[in-house]
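A.B. asks: When I checked Swiss-Prot for this same protein, it listed these features:
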- 1-10: compositional bias 'Basic residues' (COMPBIAS)
- 1-25: region 'Disordered' (REGION)
- 16-25: compositional bias 'Basic and acidic residues' (COMPBIAS)
- 40, 42, 242: Mg(2+) binding site (BINDING)
- 183, 184, 217: substrate binding site (BINDING)
C-alpha cells in the first residue's frame, strides 16, 4: 500500500470506527409516524444465548422423556402428526427422518418405540438445521409449558429481557403506540417467555403475537399479513430485528426497519451497516411525542 493511501486510511480511521459503532443512519426520527412497534425476540429483546444455550438444549435432552410421559394425550399425538406431515413434505431433503403411522390405541409396543425414536431423530435433525417449521415450534412450546408447570424450568431461571427493553416498551405505550411480537417460536412459547420473566408477567405490554402460522419471517408477504391484521399501514410500523434476512422482506413490505446489535449476535457486515439503521439499545428509540401528533405536525409543515 502506498504512503498516501495509508495516510488516507489512518486519517479516516476515527470516522470508520464511529460509523461502525453508531451506524451512518440518523435514528432520531425513526419513530416518527410509527403507530406499531413489531419486535423480534432472540437477539433483540432477549439474549441470543438464553434461547440457544438454555431453552433449545432443554428440548434436545428431554424430548424423548416428554413424548413418553404425554404419549396418550391428544395434544402430543397432534404434535407427532404435525411433524409426520412436515417430514412427508420434506421427503426430498437429504437425511429427512420419516415418522411411521401409529396411534395411542396401538398395542404393538415395538411400533410405538419406532415412532417415538423417529420423532426424536426428526426433532433433533430439524433443530440441528435451525429449521423454523411450525410443527417443530409447536412441540417446543408445549415442552416448555410442561416444564414450567412441573418446575423443571423455574421463573427465576428466565433472565429474559435486556435491561433497556421494558422501560422502552412502557414509553412507547405511554405515547399511544402498540407493541407486537413476531417470532419463529410459537405464540404459546412467546407467552411463556414473557409471562415467566424475572421482571414479572410482561404480557400486558403486548397487543398481540405472531409466529410462523402467519408466515416465515424471511417472506415479504408475512409482514403484509401482519400489517393487515393489526389494521395499520406498513409505513407506520417499525420492525426491530437482529437478522438482515428478516429486515429485508419487512422493508420490502413497506415497514420501517431497524437492526439491533446485542452481545452474542452475529456481526453485521459493512453492507448491513450502510443499508439499515442500527441500534444497540431500545433506549435510543425513546420518544415523547405520540404518532398522531407527529403525523399532524408533518401535515402542518407541508
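The backbone N, Cα and C atoms fix where each Cβ goes, and this holds for glycine too.
Surface or core, plus neighbours and distances: that's what I need for these features.
C.D. replies: DSSP assigns residue 42 (Mg(2+) binding site) to a strand.
A C-beta separation below 8 Å, combined with a sequence spacing of at least six in one chain, links residue 183 (substrate binding site) to 40, 41, 42, 189, 190, 209, 210, 211.
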A.B. asks: List every residue in the same chain as residue 184 (substrate binding site), at least 6 positions away in sequence, whose Cβ is under 8 Å from its Cβ.
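C.D. replies: The list for residue 184 (substrate binding site) reads 132, 137, 211, 212, 217, given in order along the sequence.
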A.B. asks: Starting from the Cβ centroid of 40, 42, 242, the recorded Mg(2+) site, name every other residue in that chain with its Cβ within 8 Å, sequence order please.
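C.D. replies: Here the nearby residues are 41, 43, 44, 45, 46, 48, 183, 241, 243, 246, 260, 265.
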A.B. asks: Note the Cβ centroid of 183, 184, 217, the recorded substrate site, then list each other residue of that chain whose Cβ lies within 8 Å of it, in sequence.
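C.D. replies: Here the non-site neighbours turn out to be 40, 41, 42, 132, 182, 185, 211, 212, 216, 246.
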